[in-house]
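Enquirer: Annotation source TrEMBL lists region 'Disordered' at 1-47, 391-417. The domain 'Major facilitator superfamily (MFS) profile' annotation in TrEMBL covers 1-417. According to TrEMBL, the transmembrane segment annotation covers 57-77, 84-104, 116-137, 149-168, 174-193, 231-252, 264-284, 291-313, 325-346, 358-379.
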Amino acid sequence: MDDAEDEPPQAPTPFEGTQDSGEIGSEEGEDLATPTPFIREPKEEGEFDWDSTVQSAILGSFYWCYILSQVVGGVLTQHFGTKAVFGASQLVTAICSLCIPSAATLHYSALIVLRSIQGIASGLTWPAMYSIVGHWIPAVERSRFMSSFQGFSFGIGLTYPLCGFLIAHFGWRVVFYVTGTTGMLWCVMWYFLAFDTPATHPRIVAAELRYIESNVGNTVVGSKNGLLSGVPFLCSYLSSVFFCYLADVLVNKNLLTLTNVRKVFTAFSQIVPGLLLLAIGYLGCNVEMVLVSWFLAVILITASYAGAMASIVDIAPNLAGPVLAFAQTIHMTASFLSPLAAGFLLHENHTLEQWRHVFWVAAVVACVTYISFQCFGTADIQAWNYPDQKAPVPLNVESDSTPLRRQEEGEEEPATG
């Protein structure tokens with residue numbers, strides 16, 4: 001799976017557009033090692049005189065802390081619940097965003113501290129989100145719900161053009177004030193509308209509560225648990241909704257078992273994008289075909305939300321937070337390992353032939369990870385999902401859920417007693 005799918009949206013940093021390093025602010029795709037054969041118009045200098053080392057430290061501080069806090073997020077969610085952990089992480093991130101302009105003016109070290117805090121807080125979000133799924137979403141509807149996690153792609157698709165507009169008309173500081181304020185307003189809504197379990201929701205309808213508990217109660221035990229840049233993410237959100245809806249249809253109509261559905265959609269999200277990425281290396285300067293291949297790869301990657309990513313909740317709905325934290329920690333290492341691997345393969349030689357080697361490695365990794373899931377992946381609940389290895393007695397779903405279904409269909413319940 002593409003690691004970019006799981007990284008939270010980032011606002012532009014205040015030093016983007018500077019040229020003191022000869023690297024930041026140059027046009028994408030330009031070979032910086034060789035002089036350009038034509039003269040460019042001078043670009044506007046950035047506000048801060050930060051060299052490439054400082055810039056790298058600012059950018060990297062978020063991701064290092066983001067990776068390291070994944071497991072912490074799983075543990076905290078088990079003890080305090082999704083509402084507290086997810087809400088607190090978003091609130092801290094929003095407050096830091098509001099402080100970033102002042103920190104940047106004060107000293108770059110203050111900015112690094114804020115970015116590190118944002119990384120730690122953001123690393124708590126994915127384990128917290130996964131933990132709540134097992135309590136609220138029945139297995140037959142879980143694929144459809146997983147598409148909601150792609151909402152961040154929709155947000156990125158809207159944020160990029162919004163940031164461009166704000167920077168052009170009001171300056172870069174306003175971007176952080178707007179996003180920080182929006183985040184804090186969202187936290188207020190989260191506090192009043194989000195609840196860890198259906199039983200703790202004060203406004204849930206009795207029929208809905210009975211339906212949810214009858215369908216998830218036997219698996220979860222009680223515990224405290226720029227416009228062009230945005231287009232691919234907007235498309236990926238829509239595609240994730242489609243894939244997850246299709247997965248639920250296949251399960252509900254008994255066309256495929258849940259395990260086979262997870263494996264089929266994982267194949268779509270791994271094999272096909274891997275082959276498309278490999279094809280990009282052989283398309284030469286055909287920019288249109290390269291863009292089409294890339295867009296298709298980004299769209300198909302979202303099938304993982306109905307595949308391997310959903311299986312995390314399938315196999316351990318009671319421990320989805322910690323399991324996701326463990327998997328996400330491994331997954332997010334690609335954020336810094338992939339640039340290192342690419343740099344090793346390229347050897348300062350950014351030719352198309354060298355880039356093909358990079359694409360081949362990426363394609364092989366994608367295919368090998370799918371083969372591993374094909375061989376060992378499952379949607380069956382594991383014994384270690386239950387504390388003390390004691391699985392609860394299966395609920396009598398027929399007796400609990402039949403009255404609800406009959407009421408939905410307008411049928412009368414048979415008289416008893």
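Glycine too: its Cβ is placed from the backbone N, Cα and C atoms.
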Enquirer: Would you kindly check 57-77, 174-193, 264-284, 291-313 and say which stretch has the most C-beta pairs under 8 angstroms to the transmembrane segment (84-104)?
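Expert: Most Cβ pairs under 8 Å with the transmembrane segment (84-104) come from 174-193.
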Enquirer: Tell me if the transmembrane segment (57-77) touches the transmembrane segment (291-313). I count contact as 3 or more CB pairs below 8 A, with pairs 6 or more residues apart.
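Expert: Stretch pair does not touch.
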Enquirer: Using a Cβ-Cβ cut-off of under 8 Å, list the residues of the same chain that are 6+ residues beyond the ends of the transmembrane segment (264-284) and lie near it.
Expert: 1-2, 243, 247, 256, 290, 293-294, 296-298, 300-304, 306-308, 352, 355-356, 358-360, 362-367, 369-370, 373-374, 377
Enquirer: Do the transmembrane segment (174-193) and the transmembrane segment (149-168) share at least 3 Cβ pairs under 8 Å, sequence separation 6 or more?
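Expert: These two segments touch.
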